């Protein structure tokens, strides 16, 4: 029925393929958009590649960056040294490289496929994983229950380790969990092992519980040890990095909070304002606090910020800034404090806590807050004693135009040095003179026996008269000595130059005088010259007249009678035992004696002061009588030799010819007190030591020639042939006649005298040729010292102030002071003091501070610039008291020692002391030791004293001045006027061994 009702379609035999309707519709159709096609089009899923597209930026083992080796099958990356095993650049494979974990997994897959083919389980082995139930069924057949538990536990560990790092995981690799286990994927493939196929293989593998863990560790990539999350710090401290959100990392547009809409800090309505200035972000960008809702401008903070903070930032309204701002606080303490103040604190809680603390009557633990004390220094007891017992102040030294002004006449405190108790005794004088005479005679006999011809001796016996003429200097005041210890009634002013030696005084002795008497008288004169100055700087000193002491004469010198003394008006009987004989000014070795003092060269400030170059007069001396013993007569034979060696070192002192009653005038010191031989000026040397011109008859007086020329003659060694010939020729002609004929002199002698005269006229321009005269070596020890001083430049000079002894140059970095013979400055040469030690002090130069310092060694102390430096005699307390047992033992020992001392007979205990034991000590100017000024505690200052130019140093009662040459050699501004007066010539004429001028602006 239905078939009948179906209509039949009419089929037309038309060709519709060639119609134009489709083309017409295509032309009339509206344009199509591509969006619909894109939406409808499904993205074609790319096939998964075997390796990862990106690898980690840090090493999976040490979590550090650098040159990394990337795995081609997983995102792991390693350093060459972090691989397992470590690799080198030469060991890198040319193709793909797989890490240790991927290599183990690949081997396991290959083993699984091979086992599947053997057992006919190829389909099962092709699957990646099997269900846990199937594994359990297989294990039930071959393993026990304990083995199943171990496998289940291993599977749980495997899943925990492989969760964050699986290829299908969408978690970011930057999370803390992924940093720990980022590439762990299927570490233990228990599911993939064909357990059923090899039941015997599984059973021994699970015998021990740690075997499975060891197997899992062998299959993992090497990693460094890391603490678990439970032990790491998770507190968000200020300054830590912020964790970015997923939307920020992916770049997707996510709805943000109102105050974070703009990246530049611009916040739209509702407006957010700054907490400090209440202005919006239109003024400047706002900074949001990460711990509270407050915002701030960068310029409103204190101190202002220069850039936006990168990490977590905490605003200044938090109390954590005060609590966490401690230097010695550990991380755990910071975390505890931060967690404590993280929540808001109720104001009522603060009030209640305050009230509870106030109303507590008996608090369990009351802590008394100690007041903060100011930092203070403990003043040493030595400094306290200096203020309690201050030493006497130094007399103010007058300083004018940068020059030190002092008084020429000694003070009352120094007058004791001129008393007779400090002079040598008669026995000492006789012993000294006898030893000097014996030494000189032995030297002369030795030289004469070797090289002196015999005809000189024959000629000496034929000659009888000796008429030496001595050039005297009226500027030096000396005295006469008498044999019976009584002064002569008449007084004569006698002037003796420093060149007169002991032989000249001996030659004037009377014929009937005994040798012993002569020795005693002459030795007393020589010793007096050591102990007392021949003349003071600004005038004579009124001293006590004794038998062998100095005697002053006031009569003018207008007579030249050979029977009289120089300048005498009253004739003296030649054979009388009371006749006075001229006292020698200095002994031959006076330059090296300890207490000898020569006159100080000074520049007086009065225009009408005494002249330093007085006129000279010729004083004849009686001839030597034939009754003089040979020991004394032989001394005169060495007069020429001693004039050359001794007189060249002894300078004539200058004295003031004013009367004793005249008031002392202040003088400006130009040179310090020098030893014998210092203080010869160039201006006076040309007048005093020049050889006189010959007379009309061609004769020259021998005394004038020997004294005037021998002062600057360069010395020769004692065994030199030229020296012996010169000595013999001069002695022969001087002993025979009173005058010398130039025609009779030797040619070598004439050349020598001419050369000596040239040296006097041109001392600095003309140098003697070494081949013409001989080697210019020095005969005396003092001259050798002078040569050494020329070679080594002095750093500083140590000057005495009491007028005794000479200045000592500090040529090296240290200068030792004391009474010992090995000291650089022997204090016995500068006077007597009972409170000085053998090694008293040391002056040294510190290379680091570039200063001179003095270190005291003596128990008596040293005063530097009115500050006492001494030893610390205070009792030192032990740092810790002894224990009870030790104290008991010590008390028993002490008691036993006292019992032994009581039983033994009392004896005087020997004590070491720097003071001399035995005879009574000589008095000195010290009232007591300087250590008595320390105080009751006995704590002296043992530090070093800083020395400046002009520092005043006092050792007992001996006073010195320390002068630095680099300051002393600087000339002041007022030297331009001194050039006109000729004073500069005197300064430049100082000898090299003379100390520099005490003149500087830094004198304290």
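Residue numbering: from 1, along the chain as shown.
In case you wondered, yes, glycine gets a Cβ from its N, Cα and C as well.
Swiss-Prot gives the label SUMO2 cross-link to one of 530, 927, 973, namely 973. Taking 509, 555 one by one, Swiss-Prot attaches phosphoserine to 555. Swiss-Prot records SUMO2 cross-link for one of 45, 900, namely 900. Between the listed residues 327, 351, 384, 987, Swiss-Prot assigns SUMO2 cross-link to 987, with no corresponding entry for the rest in that record. Of 131, 662, the one with phosphoserine in Swiss-Prot is 131, while the others lack that note in the record, though it may still apply to them. Noted from Swiss-Prot: of 134, 611, 657, the annotation phosphoserine belongs to 134. Other residues of the chain with a Cβ within 8 Å of the Cβ centroid of 274, 277, 297, 300, the Zn(2+) 3 site, are 275, 276, 278, 279, 283, 284, 286, 296, 299. Every protein chain shown contributes to the tally, and the Cβ of residue 318 (Zn(2+) 2 binding site) ends up with 18 other Cβ atoms within 10 Å.
Rounded to a whole number, the C-alpha distance linking residue 82 (Zn(2+) 1 binding site) with residue 292 (Zn(2+) 2 binding site) is 44 angstrom. Every protein chain considered, the tally of other Cβ atoms within 10 Å of the Cβ of residue 61 (Zn(2+) 1 binding site) stands at 18. Counting Cβ atoms from all protein chains shown, residue 277 (Zn(2+) 3 binding site) has 13 others lying within 10 Å of its own Cβ. Looking only at the region 'Interaction with SIN3A' (102-273), the predicted model's pLDDT averages out at 60. Cβ atoms within 8 Å of the centroid of the Cβ atoms of 59, 61, 62, 79, 82 (the Zn(2+) 1 site) belong to the same-chain residues 60, 63, 64, 78, 81, 83, 222, 224, site residues excluded. DSSP assigns residue 297 (Zn(2+) 3 binding site) to a strand in the three-state reduction. Taking the centroid of the Cβ atoms of 289, 292, 315, 318 as the Zn(2+) 2 site, the other same-chain residues with Cβ within 8 Å of it are 290, 291, 294, 314, 316, 317. Considering only the binding-site residues 274, 289, 292, 297, 300, residue 62 (Zn(2+) 1 binding site) has 289 as its nearest partner by CA-CA distance. The CA atom of residue 297 (Zn(2+) 3 binding site) is located 11 Å away from the CA atom of residue 289 (Zn(2+) 2 binding site).
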